[in-house]
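Feature list (source: Swiss-Prot):
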- 1-56: topological domain 'Cytoplasmic' (TOPO_DOM)
- 78-93: topological domain 'Extracellular' (TOPO_DOM)
- 115-181: topological domain 'Cytoplasmic' (TOPO_DOM)
- 203-219: topological domain 'Extracellular' (TOPO_DOM)
- 241-251: topological domain 'Cytoplasmic' (TOPO_DOM)
- 273-301: topological domain 'Extracellular' (TOPO_DOM)
- 323-328: topological domain 'Cytoplasmic' (TOPO_DOM)
- 350-362: topological domain 'Extracellular' (TOPO_DOM)
- 384-420: topological domain 'Cytoplasmic' (TOPO_DOM)
- 442-452: topological domain 'Extracellular' (TOPO_DOM)
- 497-508: topological domain 'Extracellular' (TOPO_DOM)
- 530-799: topological domain 'Cytoplasmic' (TOPO_DOM)
- 57-77: transmembrane segment (TRANSMEM)
- 94-114: transmembrane segment (TRANSMEM)
- 182-202: transmembrane segment (TRANSMEM)
- 220-240: transmembrane segment (TRANSMEM)
- 252-272: transmembrane segment (TRANSMEM)
- 302-322: transmembrane segment (TRANSMEM)
- 329-349: transmembrane segment (TRANSMEM)
- 363-383: transmembrane segment (TRANSMEM)
- 421-441: transmembrane segment (TRANSMEM)
- 453-473: transmembrane segment (TRANSMEM)
- 476-496: transmembrane segment (TRANSMEM)
- 509-529: transmembrane segment (TRANSMEM)
Amino acid sequence: MDPGVEKKKQQMELVDVESGGLPVERQDSLFREAVRAEHAGAAHWDEQDSWGRTMSLAFQCVGILYGDIGTSSLYVYSSTFEHGIGHPDDVVGVLSLIVYSFMLFTVIKIVFVALHANDHGDGGTFALYSLISRHAKVSLIPNHQAEDELISGYSSSGKPSATLRRAHWLKQLLEASKAAKISLFLLTILAIAMVISDAVLTPPISVLSAVGGLREKVPHLTTDQIVWITVAILVVLFAIQRYGTDKVGYSFAPIILLWLLLIGATGLYNLIKHDISVLRAFNPKYIIDYFRRNKKEGWVSLGSILLCFTGSEALFANLGYFSIRSIQLSFSFALLPSVLLTYIGQAAFLSKNPKNVANTFFAATPISLFWPTFIMAIAASIIGSQAMISCAFATVSHLQSLSCFPRVKILHTSKRFPGQLYIPGVNFLLCVAACVVTVSFKTTVIIGKAHEICVILVMIITTLLMTIVMLLVWKINILWVALFFITFTSTEAVYLSSVLYKFTHGPYVPVAMSVVLMVVMIVWHYVHVKRYKYELEHTVSTDKVKEMLESHDLKRVRGVALFYTELVQGIPPIFPHLIEKIPTIHSVLVFISIKHLPVPHVDTSERFLFRQVELKDYKVFRCVARYGYRDSLEEAKDFVVTLLENLQDYIRDVNLYTDEPHTISAHSSCNHSFSREKPSGRYAVHAEDMLTPIESFSEITALSNYGSDRLPHFKASKMNMEELAKIEQEQMFIEKEMEKGVVYILGETEVVVRPHSSLLKKIVVNYVYSFLRKNFVQGQKMLFIPHRQLLKVGISYEI
């Protein structure tokens, strides 16, 4: 059948219903896609559950996720025994601590608990915050819309139960308390700042540990020479980031797998050759003996021992497209035995050679395997560092979607893998910081002390957010939640106290970096929220818009104008400012808001929301383009084509229904609660009136709350060809105006504080924020807007 005929047939079928008492829905442009996307998501996970795909993913994730954890064995013992081994049994005590710390934090907490808190395949602190944000309105930006909850995979409810009531109570508590919202936000950005600081410290400590192995063969090498070799490798590592890893990424898994086999075999060799009795470390009594014997020094050493599970946070954050089963399989059968064997083997070696603790890993390597091990160590350390650098890029991208970071240029290095990012400015700063850290600290022991606080703080914050997820999202038994919370907060608090005791010996560096990052995030987010609230309070009224559109001085020009605004509700105050300066309006005007939702991805079929602004003859529309925090913005040309196609669909849908007074209005006196029902029995009506700050973009009211006499009426049981032709004519008008040209109108808002504001507020807004805004990427570059089609409109807000 001809596609055009089929399309018209579907339109006729859509309205071929009787209006008398049948619950009908006034669909928004996206509402009809929700169930389709939901089924698509189910099919996706079914595909992931196949064993063939699981085994393939298990192999691939070895190279992407395990590089950092797999190279920690290069420096753990040397960092722990900084002043030498005091007692022969200390080696067994430390090994016991390493084994149980690794099992508790990496295996149990991350691999078998935290991975289940992934956000549709995305992990890390940001994913946990997004999960919480979807189930409770904790965002500080007042731009939530009822339609957001219609996005497939947004959130779900459950059957009435004690756990559900507890979750509802927690939801109300988080939404009602501004202090709770701010605390949750600060915890999240602190963890994110620590992850970025970790990306500065991981490359130096990993590469420096690997390069340090040269001293086993070239003992006359000085510390400075080792440092400068490391710096050279780091510069090359950061320089190649612009090319992406998709061309060489396929080799990561074989390299890391070979590395794990190598260190596992070497560990087994050392265990058999030197001292098999170190296996008694699996008895936890040696941990107690270690603390009794060393007292304060044993407690202080915990900070270095926690380096054995560094990389666990990156494993969770870089979860990406890997399934939970694939990670658990590869972790259990590849990483876990290899890592345990290498720590056990090094302990066996140290029990017979306690003076070789400064470079335990390479000293314990058989002579015949030294050079292969050295080369593999360099390669593995680079791959492990690459994972943290990529994690930093993704984190900055997520921060921008949260409106917590200035605009930076983000490049996608792979068409095949959309998640591979490169941020030139961030890459340069990471490179400089990593080189400065290497040259300043010179040894892995000091860098390790700095690294410790990043690892433990991210772990603690993950525990806190996981506890909220268990109560609010998972809704599991309170006893399991209490067990998880008490076990991990108590043990992590002990590790944190050990790290803080050595604060002046290294941890102050990542703390200082994190403070700077947090100041930038807080200032940017604070001003963004204030500016948004200002625009919301000064939204242009319906009467004012009608007055401007009906003005005789207002001229119409051919073409389409896209007016970008961050406001998702109503018309921004910059619009009358533009009309006052340039009394001209295009034939089609679309107010566009780019909005990021707390979901990883928004399907293109669910991207756009439309609403027409009165007067309808003027063809003025409001549009919200919704993206997930991992979605990238399209090129302007592609974006416009997709937008106008969806606009034409909206015009078709909205004209299928009458605008008789019976249509339920947003201003109706019956203002019932919003409802979100699937299209299987109950439907909803969307208001057509232009929005005010207190209204949703398209308010949804359950029709069951109304009498049958108040249901929307169709023009006829079947639309005639004349009406269909009218719809097609309006669609053609949009298409012709697009051919005349598209103009992008971008507001340049200068934010200043009121004259009588406090000195601190003046410094934050007038100086710090102003500096950030002027020295980072401008809006048109972020949106890929061609310069010759750009019109900037300046305005100043006093907040």
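Cβ atoms here come from the backbone N, Cα and C positions, even for glycine.
Beyond its flanks by at least six residues, the topological domain 'Cytoplasmic' (384-420) meets 64-65, 67-71, 124, 126, 141, 189, 192, 195-196, 198-199, 202-203, 206-207, 237-238, 241-246, 252, 311, 314, 317-318, 320-321, 426-427, 430, 520-522, 524-525, 528-529, 596, 627-630, 632, 772-773, 775-779, 781-782 of its own chain at Cβ-Cβ distances under 8 Å. When Cβ-Cβ distances below 8 Å are used as the criterion, the topological domain 'Extracellular' (273-301) is approached by residues 80, 86-87, 89-97, 99-100, 344, 347-349, 351-353, 494, 497-498, 501-502 of the same chain, each at least six residues removed from its ends. Here the transmembrane segment (220-240) sits apart from the transmembrane segment (453-473); fewer than 3 CB pairs are under 8 Å, leaving out pairs fewer than 6 apart in sequence. By the Cβ criterion (distance under 8 Å, sequence gap of 6 or more), the transmembrane segment (363-383) is not counted as touching the transmembrane segment (476-496), fewer than 3 such pairs being found.
Highest Cβ contact count with the transmembrane segment (329-349) among the listed stretches 57-77, 94-114, 302-322, 453-473, 476-496 falls to 57-77 (criterion: pairs under 8 Å).
Assigned with DSSP, the residues of the topological domain 'Extracellular' (350-362) fall into helix, strand and coil as follows: 12 helix, 0 strand, 1 coil. Segment contact is absent for the transmembrane segment (302-322) and the transmembrane segment (509-529), given fewer than three CB pairs below 8 angstroms at sequence separation of 6 or more. Listed as Cβ neighbours of the topological domain 'Extracellular' (78-93) (distance under 8 Å, sequence separation of 6 or more from its ends, same chain) are residues 278, 280-281, 286-287, 289-291, 293-294, 297-298, 301, 304-305, 307, 347, 350-351, 354-355, 357-361, 444-445, 448-449. Counting C-beta pairs under 8 angstroms (sequence separation of 6 or more), the transmembrane segment (252-272) reaches the transmembrane segment (57-77) with 3 or more such pairs. Long-range contacts of the transmembrane segment (476-496) within its own chain (CB-CB distance under 8 A, at least 6 residues past either end) are made by residues 104-105, 109, 113, 163, 166, 299, 302-303, 306, 453, 456-457, 459-460, 463-464, 466-467, 470. The list of residues near the transmembrane segment (453-473) in space but at least 6 beyond its ends in sequence, with Cβ under 8 angstroms from a Cβ of it, reads 105, 109, 113-114, 117, 125, 128-129, 131-132, 135-136, 166-167, 170-171, 174, 184, 187-188, 190-191, 194-195, 197-198, 201, 303, 306-307, 309-310, 312-313, 316, 480-481, 484-485, 488-489, 492-493, 495-496, 499-500, 503, 507, 510-511. Within its own chain, the topological domain 'Extracellular' (350-362) has Cβ neighbours under 8 Å at 73-75, 77-78, 81, 84-85, 88, 91-92, 209, 212-213, 215-216, 274-275, 277-278, 342, 370, 373-374, 377, counting only residues six or more beyond its boundaries. Away from its own ends, the topological domain 'Extracellular' (497-508) comes close to residues 299-303, 306, 441, 446-453, 456 of its chain (Cβ-Cβ under 8 Å, at least six residues beyond either end). Sequence-distant neighbours of the topological domain 'Extracellular' (203-219) (same chain, 6+ residues past either end, Cβ-Cβ under 8 Å): 68, 71, 74-75, 226-227, 229-230, 233-234, 237, 359, 361-363, 365, 370-371, 373-374, 377-378, 380-382, 384-385, 388-389, 434, 437-438, 441, 443-444, 447-448, 451.
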